[in-house]
Amino acid sequence: MTNTAIPTHADLILPAPAKLNLMLHILGRRADGYHELQTLFQFLDHGDELGFSLRQDGEIHLHTPIDGVPHDSNLIVRAAKRLQEASGTQLGADIWLDKRLPMGGGIGGGSSDAATTLLGLDHLWHTQLGEDRLAELGLALGADVPVFVRGRAAFAEGVGERLTPVELEEPWFLVAVPQVFVSTAEVFGSPELTRDTPPIKVRSLLAGGGRNDCQPVVEKRYPEVRNALILLNKFVSARLTGTGACIFGSFPNRDDADKVARQLPGTLPSFVAQGRNISMLHRRLQALAKK
Ligand SMILES: C[C@@](CO)(OP(=O)(O)O)[C@H](O)COP(=O)(O)OP(=O)(O)OC[C@H]1O[C@@H](n2ccc(N)nc2=O)[C@H](O)[C@@H]1O
Ligand SMILES: Nc1ncnc2c1ncn2[C@@H]1O[C@H](COP(=O)(O)OP(=O)(O)O)[C@@H](O)[C@H]1O
């Protein structure tokens, strides 16, 4: 595919894959307002792409602004600056983003961009902070960043930072994108959100259990999501990812997923991607390390 956003002369081009929350249980609320959860993360082989080139002057320049997100608030720029501070490097970077993932969709685009920036610049700058330190820097940027830094499908606990790697089947997913922005803070702040699901063991999950506790709240507050779920449920058992708005169903092969995608109305965009236990980012970095 031709890529207009990233120049071919960039020093390093890396993927920033999406994730799905295959289930998400809310166990309670901490004193700081954050919620204790249990969730199962799997990556998709579909995502954004980032390009990086070295700068000697220490500046961070993101050349592809996102509408409505100021340069210095972009998670890419924030991640780059955190890594500069933590490592003490004098180097900087030119960065380009090819944004393909819908924003605020519960598929983790911003968090994944941040993780790819941490790992990409750690590679380019030779800062060698190590995965644990990079995951720690990531957590300060968002609850979902560490899983993208680790790059392994995982059962997550705490606020999402305590990760146990898991081996899951790798089915094909149809992800539908209701055209509405769901606020994560609003969903977690809702009085009607249930916060008392008993903790479960990872083993019972892998047997296919679980649900998304945010789904009833999002269905009630966002008719676009409710209607999309009704529609997709006609073909496959559909579920919300994260706090939405995206919903997904799984299929044993790509053809079956494509067939359903073709039957969805134009008002409900969708894409088909395979679930992956090792993220595309990590597969690319491993290939680079072998060169
Ligand atoms: C719940 C998940 C599941 O993947 O939702 P999605 O964002 O992917 O939909 C994530 O953990 C979200 O992670 P992320 O989007 O990085 O959230 P943050 O920026 O850290 O938090 C946004 C807001 O959500 C609330 N929040 C978030 C995570 C959490 N465990 N408890 C919370 O109460 C807080 O009000 C916080 O201010
Ligand atoms: N590089 C980025 N990509 C996407 N969103 C970003 C980025 N940097 C900052 N943001 C902000 O983070 C918000 C949530 O982004 P996103 O990760 O796409 O959603 P979600 O966490 O629901 O999957 C966006 O609405 C935007 O304001």
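Glycine too: its Cβ is placed from the backbone N, Cα and C atoms.
Those TrEMBL annotations? Automatic predictions, nothing curated.
Annotated features in TrEMBL:
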ACT_SITE  Lys19  active site
DOMAIN    74-151  domain 'GHMP kinase N-terminal'
BINDING   Pro102, Met103, Gly104, Gly105, Gly106, Ile107, Gly108, Gly109, Gly110, Ser111, Ser112  ATP binding site
ACT_SITE  Asp144  active site
DOMAIN    205-265  domain 'GHMP kinase C-terminal'
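Sequence features, as recorded in TrEMBL, placed on the structure.
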residue : record           : DSSP (3 states)
Lys19   : active site      : strand
Pro102  : ATP binding site : coil
Gly108  : ATP binding site : coil
Asp144  : active site      : coil
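Cβ neighbour count for Pro102 (ATP binding site) (all protein chains, 10 Å cutoff from its Cβ): 19.
Ranked by how many other Cβ atoms sit within 10 Å of their Cβ, the binding-site residues Gly104, Gly106, Gly108, Gly110 place Gly104 at the bottom. Taking the mean position of the Cβ atoms of Pro102, Met103, Gly104, Gly105, Gly106, Ile107, Gly108, Gly109, Gly110, Ser111, Ser112 as the ATP site, the remaining residues of that chain whose Cβ falls within 8 Å of it are Ala18, Leu101, Gly242. For the recorded positions Lys19, Ser112, Asp144, counting C-beta atoms within 10 A of each C-beta gives the highest total at Ser112.
Ligand 2 lies within reach of none of the recorded positions Lys19, Pro102, Ser112, judged by a C-beta closer than 6 angstroms to any of its atoms. The 6 Å Cβ screen around ligand 1 retains nothing from the recorded positions Lys19, Pro102, Gly104, Gly110, Ser112.
Mapped onto DSSP helix, strand and coil, the domain 'GHMP kinase N-terminal' (74-151) counts 44 helix, 7 strand, 27 coil.
Lys19 (active site) sits 6 Å from Gly108 (ATP binding site), taking the Cα positions as reference.
Model confidence over the domain 'GHMP kinase C-terminal' (205-265) stands at 94, taken as the mean pLDDT rounded to a whole number. The DSSP breakdown of the domain 'GHMP kinase C-terminal' (205-265) into helical (H, G, I), extended (E, B) and coil residues amounts to 29 helix, 8 strand, 24 coil.
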